[in-house]
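Over in TrEMBL, the protein carries these features:
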| type | residues | note |
| --- | --- | --- |
| REGION | 1-33 | region 'Disordered' |
| COMPBIAS | 8-23 | compositional bias 'Basic and acidic residues' |
| BINDING | 148-155, 230-234, 294-297 | GTP binding site |
| DOMAIN | 315-328 | domain 'SRP54-type proteins GTP-binding' |
Amino acid sequence: MFSFFKKKKEENVEQTEVTKEIETLENSTLNDEAYANPVEIKEEENQNLEKQEILEEKKSFLSRALEKTFASIKNVVPQKKEKISFDDIEELLIEADMEYEIIEKAMNGLPDEITRKQLRHRLVMLFEHAPKVDLSNLPKPFVRLIIGVNGAGKTTTIAKLANKCKKEGKSVILGAGDTFRAAAIEQLSTWANKLDVPIIKTKQGHDSSAVAFDTISAAIARNIDNVIIDTAGRLQTQTNLNNELKKIVKVCSKAMNDAPHQKLMILDGTQGNTAIAQAKAFNEMIGIDGIIVTKLDGTAKGGALFSISNQLELPIFYVGIGEKQDDLIEFSPENFVDSLLDEIYTPEEK
Ligand SMILES: Nc1nc2c(ncn2[C@@H]2O[C@H](COP(=O)(O)OP(=O)(O)OP(=O)(O)O)[C@@H](O)[C@H]2O)c(=O)[nH]1
């Protein structure tokens, strides 16, 4: 009996010591955290959470914009699966308007039943020929020249880019370089008004390279961060207009060394693969630095983005997903491929 009490007492002592040890440990962890500055840790956690939320938001925007493309691929694979047959993948990529040549390239050597991981790797690889663009340390002003065929969405995209600059706290000035049509000058002026950004313009029929020169000069004089210059819509076959384009590029470099820093081609996403021929011709003519694909929301041809980037070996910087100023999202091959795969594959086990 006595020894029983003794044992109980010993156990209690042991327990108390363990408890003490835990308490000390807990305190020391707390202290460590205190040294590591809990406020900073919390901030870091919040930032990570914010980044994750932004990523999810971008993905959901993209998914909404790709609804028509998804509808057509779901005709082929109505149910989400863990593995999908080679033939079904091939068919759904054709449905999404990916060029057959690119499909063959992407699928070469894949097994009869394809996992999400296998397909993801191949699809992301299709974007890898495009050069990576470093957007840190941009020159001031950073000059972008916007080109494309009639109605591709140049003016609307300029407004979206200007809006994005403003949201990032950067100043921007627009150049109404489409002097071919009075309506184009008006349309860009209306956007400039709405967004409350300055614009340099001239009368219809006047020299558009002069507008480009004046816009860059104004930006330098006013210490403005960004210049975005509109140009008239043109076909790759219109020699006169294309000579004018070459002149605009040359005159930009007279206003500022190395300008334009980016010659951006606006491609109408609803045209799918036909847009590639246009971009190729313009690329040979003046050298294109990147692509913006518009009207992704209005097409089932989202798969053309694979061919556009792969064939042109150019980066897609943004995609337009509507007519409003906020309807522009940065393009990420990974997000794009994941959005597509989310529609047809069951979630991967972690
Ligand atoms: N749904 C949708 N419509 C768009 C998008 N981008 C542009 N548009 C619409 O496409 C039409 C043509 O756009 P604009 O910006 O005028 O095209 P543009 O290339 O400047 O045309 P031109 O001045 O004639 O050469 C307009 O009705 C725009 O609202 C987009 O991402 N999604």
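Including glycine, each Cβ sits where the backbone N, Cα and C put it.
Overlay of TrEMBL feature records on the structure.
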| residue | record | DSSP (3 states) |
| --- | --- | --- |
| GLY148 | GTP binding site | coil |
| LYS154 | GTP binding site | helix |
| THR231 | GTP binding site | coil |
| LEU296 | GTP binding site | helix |
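Sequence-distant neighbours of GLY151 (GTP binding site) (same chain, 6+ residues apart, CB-CB distance under 8 A): GLY233, ASP268. Around THR231 (GTP binding site), taking its Cβ as the centre, 28 other Cβ atoms fall within 10 Å, counting all chains. For GLY148 (GTP binding site), the same-chain residues 6+ apart in sequence whose C-beta sits under 8 angstroms from its C-beta are LYS154, GLY233, MET265, ILE266, LEU267, ASP268, GLN278. Averaged across the domain 'SRP54-type proteins GTP-binding' (315-328), the predicted model reaches a pLDDT of 93. Every protein chain considered, the tally of other Cβ atoms within 10 Å of the Cβ of LYS154 (GTP binding site) stands at 28. The 10 Å shell around the Cβ of LEU296 (GTP binding site) contains 27 further Cβ atoms across the protein chains shown.
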